[in-house]
Amino acid sequence: MAFMGTSSAVHPAILVILDGWGYREQTDGNAVAAAKTPIFDALKASYPFTLIHTSGKAVGLPRGQMGNSEVGHLNLGAGRMVPQELVRISDAVEEGTLLSNPELLRLCRTVRERGGKLHGVGLVSDGGVHSHIEHLFGLLDLAKREGFETLFIHGMSDGRDTPPTSGVAYFEKLEARIAETGFGTIATLGGRYFGMDRDRRWDRTEAMYRVMTETGPGTGKRASETLRESHAAGKTDEFVLPVRLAAGAVEPGDGVIYFNFRPDRARQLTRAFVQADFDGFVRPYLDPLAFLTFTQYDATLPVAVAFAPQSLDNLLGQVIAHHGLRQFRIAETEKYAHVTYFFNGGIETPLPGEERSMIQSPLVPTYDLKPEMAAREVTDHAVAAIETRQYSLIVINYANPDMVGHTGNFDATVKAVETVDACIGRLVEACVRAGGTMLLTADHGNAELMWDEQGNPWTAHTTNPVPFILIESEGLKIPGWGTDVQLRAGGSLGDIAPTILEILGLPQPAEMTGRSLLGESEIEIRTPRSPLRVGL
């Protein structure tokens, strides 16, 4: 389809995603409440506001399961509740169909014929964001049933989607399962900071890769013991240094099963193993190596996939492209995949008329050292994109509340929230000048809960709702002004895409089963009047 020319300015719909900015009435341990947010407060008081659900069944997860950025952006872009891989794989484990998965059986057969070893790689916790320990238990059952002497486990400790020192309990559970069944070997251990980097910090990936591939007897210690020693030395689960515990290196002829189901933090380590032309760091190419991932991490990777991607049609970006309209996506490195790959339903290639901008995240060990991250640079480029007046849809992600919130540093998270608040103000001004409509929301909670009831740091996401504010501009308006409009209550992330389509005057496809948050409101042209000024 031909794209609309830019000779006549468009009135954009601007979706601003405040990653990890949840809503919670209690102020104790609430970095959002503690922060000075004059822009957000003024917008909330003067424009249509509601709370939306971002966790559990509302976004395709099990009841009570906290949301995350992948799930959030997938639901945002799809305009519907999308059943998640966590549920899909858990059902396969529970129902026993994992044991007959054709791709898993094919890999096992190949490795047996070569006389190789079988390895399981992934995050060992029940956080449910990247993996689940029950999936590893299912894999142990499969490997034993397929006649392998053992499954060599290369386990990564969490401490990010779970409490910072909870890894001991997870690895004790794994050790107990191994002792009970007499099957399985924890060969290596390392914090997710190393094995699950997604920001091209190749030195981190290399540290995990080396431990997994270099031969040796290991320390002979239990994983749980090693974690306790790490905690005593001041390193929480996320930052445990990679170490070999027992013999069982990944070697040519072996098979590797990566049991994480979320792609973004599993890609780098996978590439190091399977890409012949890999250049992240110098390493010998292990060939032959049978490699399988639980889900599709990247369609270009030469790996088998146990659970093929589900097809999603008529997503928001596709509808925009189908109508010949232009769109713009922007985020810093840490969240770039979310506004592109995940927002587009797991498709890497840009849509027709879709332009992207990735701003480099600061190169610091942890983001509490620079809570501003790249928010100001993201805002600079976003404002410039708005001012071109050529994009009908602009999607912006601010990573700060989530990424700094994950560090557990309360004061730094407060500063992160305040940084984003100032950036929102600049976006509002640009939106006003462009005559656009801004939809301000979040993908899940995090920064609103920084410690638990016992006063321990809480670094994981939450099940709290998130704010949704509809910010009107001049020209194209929602009927009513300010608090006159009552947005529909009880909505979820899948309802935002239908809301955007209604604002843009585009038909909602049948596959998009979410419901517009505008309720009975209708779009109309109104007499221009000065929009709210928020002290900018």
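Cβ atoms here come from the backbone N, Cα and C positions, even for glycine.
Here Swiss-Prot has S69, D443, H444 binding Mn(2+) 2, and the candidate from D19, D28, D411, D495 in that same listed site is D19. Annotated Mn(2+) 1 binding in Swiss-Prot involves D402, H406 plus, out of the candidates H381, H461, the residue H461.
In this structure, the CA atom of D402 (Mn(2+) 1 binding site) is 11 Å away from the CA atom of D161 (substrate binding site). Other than D19, S69, D443, H444, the residues of this chain whose Cβ falls within 8 Å of the Cβ centroid of the Mn(2+) 2 site are, in sequence order, I17, G20, T54, G67, N68, G72, H73, K335, H338, D402, A442, N446, H461. Spacing of H444 (Mn(2+) 2 binding site) relative to H130 (substrate binding site) is 15 Å (Cα to Cα, whole number). In this structure, the binding-site residues D19, D161, D402, D443 were compared by how many other Cβ atoms lie within 10 Å of their Cβ, and the smallest count belongs to D161. The Cα atom of H406 (Mn(2+) 1 binding site) lies nearest to that of D161, taking the binding-site residues D19, H130, D161, R265, D443 as the candidates. A distance of 15 Å separates the Cα atom of D161 (substrate binding site) from that of D19 (Mn(2+) 2 binding site).
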